[in-house]
Amino acid sequence: MYKSVETILVDIPTIRPHKLSVTTMQTQTLVLIKIITEDGIVGWGEATTIGGLNYGEESPESVKANIDTYFKPLLLSIKAPLNVAQTLKLIRKSINGNRFAKCAIQTALLEIQAKRLNVPVSELLGGRIRDRLPVLWTLASGDTDKDIAEAKKMIELKRHNTFKLKIGSNPLQHDVDHVIAIKKALGPEISVRVDVNRAWSELECVKGIQQLQDGGIDLIEQPCAIENTDALARLTARFDVAIMADEVLTGPDSAYRIAKKSGADVFAVKVEQSGGLIEACEVAKIARLAGISLYGGTMLEGPVGSIASAHAFSTFETLEFGTELFGPLLLTQSILKTPLQYENFELVVPNTPGLGIEVDEDKLEQLRRH
């Protein structure tokens, strides 16, 4: 079945410091998976995280170690022909947790199958509804004037016209004033959202969200702690502005629990956080049945993970709040022979077999961590 499984770490500087409540990034480490079948078909996947262990339970180094130690021997031991579902069932039975690693493996397996069938990965997920996805830009320099200038430049270039601000690392009032100043500078026609990255207590949320709602902000992402799902539900019921669940979503099980208690207005669906493209589509289905709006999230992946996400998001029946698949644009270097196509505020989803990308392996060799 499988001839080789390789895990590659690639450290690429960002175009500017990217400030979150949990860390400030100046370099992103891409975790790439390359699987080759015995008949020579290559599949790529990505398991990139944010800020090492600052954001979640898996780090680039732990993902590589676990794939090399556990996933790789398991895949190479498969002799009988198994389809993707059978292979994923075997992995689930043999390996607990490791959602990001499992997502990367699943992506590579789906790309192999899609190439074998000569179809895009989106076809294996039910077929796409859209060929283009709206993509916002995150303003995260932490400097109000710089963020305003950056936003205006993006609008002028027709690259982004919706913006998200990372807040939560400064005193609450400082962050609120920063956001509202940017919203006023950009005007009523431009959508501005915030991501608190779980930094506020429930009392702080009440104070901050009220001001942000009054200031014209139209989406508040994960304002309180992951563990406090009851607080998230109370905030959702209390405010008119949309409250979005992010870090609290770790796959279909958590999506069901949040939906059952009306715990959010919007779900930020992330393929890695969900455990795979298939699971991300299941999260989207739960949201739709519960009347919860959808947003395509990112782990600031490079082009492999971003376009894999795009294939999944292209199949969603609704995508009311667009996506944030800007990860490759945050990096100073590309690892593709042809970069992803961003134009007119959107990302074009390739219609060629597999993920529809070609990794530049010479460039990868130059950049990889040895």
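Just so you know, glycine gets a Cβ as well, placed from its N, Cα and C.
Given the structure is predicted, the values throughout are model-derived calculations rather than measurements.
According to DSSP, Lys166 (active site) sits within a strand segment. Taken from Swiss-Prot, the feature active site applies to Lys166, supported by similarity to another entry.
Within 10 Å of the C-beta of Asp246 (Mn(2+) binding site) there are 22 other C-beta atoms, taking all protein chains into account. DSSP classifies Asp246 (Mn(2+) binding site) as coil under the three-state reduction. According to Swiss-Prot, the feature Mn(2+) binding site maps to Asp195, Glu221, Asp246, an assignment based on similarity to another entry.
Glu221 (Mn(2+) binding site) counts 27 other C-beta atoms within 10 Å of its own C-beta, drawing on all protein chains shown.
Within 8 Å of the Cβ centroid of the Mn(2+) site, not counting the listed residues Asp195, Glu221, Asp246, the chain contributes Lys164, Val194, Val196, Asn197, Ile220, Gln222, Met244, Glu247, Ala268, Gly297.
You'll find the Cα of Asp195 (Mn(2+) binding site) roughly 5 Å from the Cα of Lys166 (active site). Other C-beta atoms found within 10 angstroms of the C-beta of Asp195 (Mn(2+) binding site) number 26, with every protein chain shown included. Counting every protein chain shown, the Cβ of Lys166 (active site) has 24 other Cβ atoms within 10 Å. Separation of the C-alpha atoms of Asp246 (Mn(2+) binding site) and Lys166 (active site): 13 Å, rounded to the nearest whole number.
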